[in-house]
Amino acid sequence: MAKEKFVKTKPHVNIGTIGHVDHGKTTLTAAITAVLAEKGYAEKRDYDQIDNAPEERERGITIATSHVEYETDKRHYAHVDCPGHADYVKNMITGAAQMDGAILVVSAADGPMPQTREHILLARQVGVPYIVVFLNKEDMVDDPELLELVEMEVRELLNEYDFPGDDVPVIAGSALKALEEAKEGKLGEWSEKILKLMEAVDEYIPTPERDIDKPFLMPIEDVFSISGRGTVVTGRIERGVVKVGDEIEIVGLRPTQKTTVTGVEMFRKELDQGEAGDNVGVLLRGTKKEEVERGQVLAQPGTITPHTKFEAEIYVLTKEEGGRHTPFFSGYRPQFYVRTTDVTGTITLPEGVEMVMPGDNVKINAELIAPIALEEGTRFAIREGGRTVGAGVVSKIIE
């Protein structure tokens, strides 16, 4: 009997596997699909299919990522897994794969390793809100006290980076053993542990708020003046809904102004409202063409504010990716391309960091020469004369 097609009626959640190299992230991804396939909830994907991830380009950066889909009783999941550590760094910073939560894989035989720490830090910096832990290779640990010790270490590490380490679900198991069971078509004790992990993911990682339910935000791409009607700004609505009659704010580059939406149109047709994902023209009451420009945003009043100083996590492109050939130092002044425009800014490196090499990722402080609508989680590119040399995400607003 053919397995039924995915029905998109269940709530959708994006997750991914993170953790140290060789702790079993890809094996776990394969095991989840294999075990759920036995229940008719997934198409089985072999380790090799997942590990030979196709390369994608996101803002000119080459990232190898595997995407798998599966379901549980409650939800539909899109799951990302990356073959190499550098791919994780790029993925998380560019937001190429937005994660609503992550499964942190830690080998019970080895305990937390350097990349375990680095991935937790990245998750904190780029705003991955929830982590569930899978202690893998449980079959290789004979002493139950050792398992408890590793669990304590992982919980302490999560606490260190402001995750609720004491409340995070920790499930022990063996991805390889579960995979072997599923291959033989019989789900035993190891497969049960995978199902238990997915139950924890179902329960602990909340369903994210949909873009359309968030407060309205639209980056301005273009401004036109239509005689007899006023000023129209165009752009793609990033989130929320805009209706005729709504009061909105124009934020960034200049003092914030309030205005009222007198029309919304798409493909030259009048609409009552535009929503997240729509490319629209928005007619603004009493706003002159000179008063608005590309790089500003339209937003629900009070939901986003202009800033010049922030902390960010950035990835610097390699020479092969078309980036710089040389390092840069504190005081470096590139352009920050935020949504639709470039703004010059100065980068200050953390104490003890002398310089940043192409291929590095680093936490920086930035100060822009003009205020831009920013919030934690805003993504940007770093450019020099129109060429992308880095990518980043705002981790904290300073002023």
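Residue numbers in this text run from 1 along the chain shown.
The backbone N, Cα and C atoms fix where each Cβ goes, and this holds for glycine too.
Among the ranges 136-139, 256-259, 320-323, the stretch that Swiss-Prot annotates as region 'G4' is 136-139. Per Swiss-Prot, the range carrying the annotation region 'G3' out of 49-52, 81-84, 213-216, 269-272 is 81-84. Feature region 'G1', per Swiss-Prot, maps to range 19-26 of the set 19-26, 339-346. Swiss-Prot assigns the feature region 'G2' to residues 60-64, out of the candidate ranges 60-64, 125-129, 360-364. Reduced to three states, the DSSP call for Cys82 (GTP binding site) is coil. By a simple count of nearby Cβ atoms, those within 10 Å, the most crowded of the binding-site residues Asp22, Glu138 is Glu138. Between the binding-site residues Lys25, His85, Lys25 has the most other Cβ atoms inside 10 Å of its own Cβ, all protein chains included. Remote same-chain partners of the region 'G2' (60-64), defined as residues 6 or more beyond its termini with a Cβ less than 8 Å from a stretch Cβ, comprise 53-54, 82-84, 87, 90-91, 94, 96, 315, 317, 320-322, 388, 391.
Sequence-distant neighbours of Cys82 (GTP binding site) (same chain, six or more apart, CB under 8 Å from its CB) are Gly16, Ala53, Ile63, Ala64, Thr65, Ser66, Tyr88, Asn91, listed in sequence order. Of the listed binding-site residues, namely Gly19, Thr26, the sparsest CB environment within 10 A is found at Thr26.
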